[in-house]
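Participant: Have a look at this one.
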Amino acid sequence: MSTFDRIHLVVLDSVGIGAAPDANNFQNAGVPDGASDTLGHISKAVGLDVPNMAKLGLGNIPRPQALKTVAAESNPTGYATKLEEVSLGKDTMTGHWEIMGLNITEPFDTFWNGFPEEILTKIEEFSGRKVIREANKPYSGTAVIDDFGPRQMETGELIIYTSADPVLQIAAHEDIIPLEELYRICEYARSITLERPALLGRIIARPYVGEPGNFTRTSNRHDYAVSPFEDTVLNKLDQAGIDTYAVGKINDIFNGSGINHDMGHNKSNSHGIDTLIKTMGLTAFEKGFSFTNLVDFDALYGHRRDAFGYRDCLHEFDQRLPEILSAMRDNDLLLITADHGNDPTYAGTDHTREFIPLLAYSPSFKGSGVIPQGHFADISATIAENFGVERAMIGQSFLAELK
């Protein structure tokens with residue numbers, strides 16, 4: 001059994017690998033998720049060229065149908081499998097929290113028909129700004145600013161919308177509603193959505209810039225989450241004095257709980273990879289865990305149902321993967337996974353209920369191949385066993401498989 005000095009977990013946000021067994025219990029625009037397959041459909045529809053992930057074993061992961069343009073490796077350099085979600089949700093928080101060992105049996109509240117008048121009125125009274133009622137429904141984040149951004153620029157009204165996720169999002173043009181004001185309004189919205197019937201996973205500030213017809217969301221997004229309801233493996237590590245580094249929106253997702261080094265938000269996937277490599281190179285980071293989220297797959301291409309853009313984003317990550325591998329020390333372990341699906345060829349605009357891939361690599365590996373299929377929380381149990389801390393609620397370690 002290997003024991004690694006450092007483990008680096010990279011979440012490719014929304015890069016699912018085929019419909020989960022219970023996918024038909026979830027839907028997009030009235031269409032059950034049972035036929036969703038993020039990687040499979042991208043590979044089939046627009047082609048997928050990811051030789052570096054293929055070398056680690058991406059094409060070796062068992063599937064009903066092989067990935068069309070990602071061949072299995074006869075001698076992969078890593079271990080591979082797919083993992084199933086048990087929690088009742090397909091949102092970012094649920095996925096990440098389960099990866100860190102929690103089972104979410106009661107999902108957060110979602111608002112398919114928009115938020116109740118009581119919430120909107122409270123936000124209006126607090127902010128002194130009106131809320132655009134027509135935007136108050138599940139909406140694509142880019143479409144909502146295209147549709148209501150011009151009106152906001154004229155009136156200063158707030159754009160409040162939601163999605164299939166348990167989130168309240170406030171979009172604000174940075175020249176009309178300053179960032180400090182937007183963040184203050186979001187903090188208030190967080191304070192009034194902490195219990196049922198409006199228990200939301202996140203309040204998200206969605207600033208943007210530009211002119212009508214050419215709006216662009218900025219990297220000044222900020223998430224206001226709730227802390228996990230029980231200790232995750234992040235907390236177990238932190239309590240044991242083991243370093244935990246967060247790259248990208250990880251700190252927001254866990255509300256800082258169990259994280260003792262926040263490396264900041266990502267401006268892009270490429271910036272996030274730069275930050276990860278910088279983190280891996282820190283001389284003080286001798287032992288511990290880094291946790292990175294790369295969100296562009298989901299935010300820029302999955303929700304927009306842009307299969308070509310999604311494919312290109314995967315290509316860009318794959319091209320930079322050798323840099324990550326080169327930054328590893330001999331006794332490091334790299335885990336690459338996802339948190340849910342977001343099939344860009346599917347109905348609707350929201351996440352899809354899918355298996356997630358898992359690729360594992362270490363310079364110290366003497367073996368490779370496919371390991372048994374498991375569940376999201378197995379990642380956290382493996383991390384816990386490696387560092388000698390107690391696991392969280394659920395999960396079975398696969399550390400013994402990594403040789």
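For all residues, glycine too, the Cβ spot is worked out from N, Cα and C.
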Participant: Out of HIS222, HIS351, HIS375, which does Swiss-Prot tie to the same Mn(2+) 2 site as ASP298, HIS303?
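Facilitator: Swiss-Prot lists ASP298, HIS303 binding Mn(2+) 2, and from HIS222, HIS351, HIS375 it also lists HIS351.
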Participant: Under a criterion of Cβ-Cβ distance under 8 Å and sequence separation of at least 6, what residues of the same chain contact ASP13 (Mn(2+) 1 binding site)?
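Facilitator: In sequence order, the residues whose Cβ lies under 8 Å from that of ASP13 (Mn(2+) 1 binding site) (at least 6 apart) are THR92, ASN293, LEU294, VAL295, ASP296, PHE297, ASP298, ALA299, ALA338, ASP339.
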Participant: Using a 10 Å cut-off on CB atoms, tell me which of the binding-site residues HIS303, HIS340, HIS351 is the least crowded.
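Facilitator: Fewest other Cβ atoms within 10 Å, among the binding-site residues HIS303, HIS340, HIS351, is found for HIS303.
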